[in-house]
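Colleague: Got these off Swiss-Prot a minute ago, pasting:
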{"type": "DOMAIN", "residues": "123-501", "note": "domain 'Protein kinase'"}
{"type": "BINDING", "residues": "Leu129, Ala130, Ser131, Ala132, Ser133, Ile134, Ala135, Gln136, Val137, Lys152", "note": "ATP binding site"}
{"type": "ACT_SITE", "residues": "Asp287", "note": "active site, proton acceptor"}
{"type": "TRANSMEM", "residues": "517-539", "note": "transmembrane segment"}
Amino acid sequence: MTPSELKRLYQITKVQLEYGLDELLPDHALTQLPKRLRKGLFWIKNRYPEKPLGERLRLALQELGPVWIKFGQMMSTRRDLFPPHLADQLALLQDQVAPFDGQLAKDQMELSLGGPLENWFTDFDIVPLASASIAQVHTAKLKESGREIVLKVIRPDIRPVIEADIRLMYRMATLVEKHIPEARRLKPVEVIEEYEKTLIDELDLRREASNAMQLRRNFEGSEELYVPEVILDVSSEHLMVSERIYGIQVSDIEQLEKNGTNMKLLAERGVSVFFTQVFRDSFFHADMHPGNVFVNPDNPENPQWIGLDCGIVGTLNKEDKRYLAENLLGFFNSDYRKVAQLHIDSGWVPAETNVEEFEFAIRIVCEPIFAKPLGEISFGHVLLNLFNTARRFNMEVQPQLVLLQKTLLYVEGLGRQLYPQLDLWATAKPFLETWMAKQIGPAAFLTALTEKAPFWAEKLPELPDLVYDSLRQGKVLNQRMDKLYAGYRQSKRQQAKGQFLFNVGATLLICSAVLLTSNITALASISAATGVTFWLLSWRAYR
């Protein structure tokens, strides 16, 4: 380890001890060192012994900084790894940190643009509008049009900080995986790999810009969701420029009600937006926490969601969507056998899994949930319980479904915060049934045929040549087969002839031996000579 890594490790250990997180460590030889450090570093005391363990964990991650805050946020979605009281606290982590110097932000923007900021913008506000662990946001106006915009800039020198902490995380995960057998099923190294990929992706604002443009295209002209326009010609890897929007934060219930917002419709539209993204577009905003969602105040009776920060998105293929739709429909029809069989057929649990045992395990977990009124059932928790049960049957983690489950929990939470009587099933069921109807039956066949029509239209002029070539090749193949068959028949005839001559020759040789013992020498000689002749003829027939 380098001196800087040792220093950072000491800082992490100090924070861990100050918040009493050594209580989280299992009783194992590897974990005795941190526990002994509690005695060795006697001057470091547990500052909050009266606080619950989950709260102490959250506060410790906040103190350790952006890498650990985001790691805690990601881990809050992995309820298969953490008990509820810890996962609930991790979900409260807020990605809000002190802003860095505005002049430094301006210098970083000018470095990305390749010239003074005044060449492109006016009214630049050096005081940030918002600040997070990875980036900071300032306001300005476009010089040519006077249009209000926001500039999102990556924090300078954030990458080395992230890479250093990630290296330490890898070291810790490798040690845990190597020395604690019961932790191996949690795959700590894979968890860190997944986290590193997510975090590094957020450092490239071109990716976020691309995601925002895609989501904006998908909802162009929609009354349900608005995504701010990205000004692409002045955006780059470390700078993203987009239009400025004015809205009410979705968690500000008091202001929404004061504005006369139709809360029921707003809540239902949140669910509708989510399922539209999933089943129509196969592309969904996967970070829809309250800080990234606003409400357009202009038409409160017909409220529109506004989605920001598209750094994290999820994509689903046809199989993923079928899995989600059929499982949810199976649940609400209490067809747990179908749910179990779907997992086996998809290959997500081993083919040798006992379907009856799997069905029974799902039924035990889900029956209490579906005993509630439909309006009280949480889709997100249904999926969570399903994933946890399936993992006991060796289901591999599906990252895209974990993202989807996290987003669904966000959407449900927001929806019921806005309108507690929200019936998600009533809103979601039409999406599921419509999508399934499009996948099965005559309509699905005609749709598939229509989709393939341009391809076949392009290939149609080649069809006569293809038919001619196929017929010609078929004729040549038939001729070859006839020759092969004729050769085969000739070979079989030769084999039969050779076998006959061999048998006759063997019989004559045996007769010659008998005649010789009876002193009939002349006849024995003739029989032997004839037998040898037949053998020679059989050998020739076999050639």
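Any Cβ shown, glycine's included, is placed from N, Cα and C.
Relative to the rest of the structure, where do these features sit?
Modeller: Every protein chain considered, the tally of other Cβ atoms within 10 Å of the Cβ of Val137 (ATP binding site) stands at 20.
In sequence order, Asp309, Cys310, Gly311, Ile312, Thr407 are the residues of the chain that are 6 or more apart from Asp287 (active site, proton acceptor) and have a CB within less than 8 Å of its CB.
Only residues 6 or more beyond the boundaries of the transmembrane segment (517-539), in the same chain, are considered here, and those with a CB under 8 A from a CB of the stretch are 497-502, 504-509, 511.
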Colleague: Counting other CB atoms within 10 A of each CB, which of the binding-site residues Ser131, Ser133 comes out lowest?
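Modeller: If we count Cβ atoms within 10 Å for the binding-site residues Ser131, Ser133, the smallest count is at Ser131.
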Colleague: Residues with Cβ closer than 8 Å to the Cβ of Leu129 (ATP binding site), same chain and 6+ apart in sequence?
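Modeller: Set apart from Leu129 (ATP binding site) by at least 6 residues yet with Cβ under 8 Å, we have Val137, His138, Thr139, Val150.
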Colleague: Can you list, in sequence order, the residues of the same chain other than Leu129, Ala130, Ser131, Ala132, Ser133, Ile134, Ala135, Gln136, Val137, Lys152 whose CB lies within 8 Å of the CB centroid of the ATP site?
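Modeller: Checked against the 8 Å cutoff, the neighbours are Pro99, Pro128, Val153, Arg155.
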Colleague: Tell me the coarse DSSP state (helix, strand, coil) of Val137 (ATP binding site).
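Modeller: Once the DSSP labels are grouped into three classes, Val137 (ATP binding site) ends up as strand.
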Colleague: Take the domain 'Protein kinase' (123-501) and average the pLDDT across it for me.
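Modeller: That stretch averages a pLDDT of 83.
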Colleague: Which residues does Ala135 (ATP binding site) neighbour through Cβ under 8 Å, counting only same-chain ones at least six apart?
Modeller: Lys152, Val153, Ile154, Arg155, Leu205
Colleague: Where the record says Leu129, Ala130, Ser131, Ala132, Ser133, Ile134, Ala135, Gln136, Val137, Lys152 bind ATP, what is the longest distance in Å from one Cα to another among those residues?
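Modeller: Farthest-apart Cα atoms in Leu129, Ala130, Ser131, Ala132, Ser133, Ile134, Ala135, Gln136, Val137, Lys152 are separated by 15 Å.
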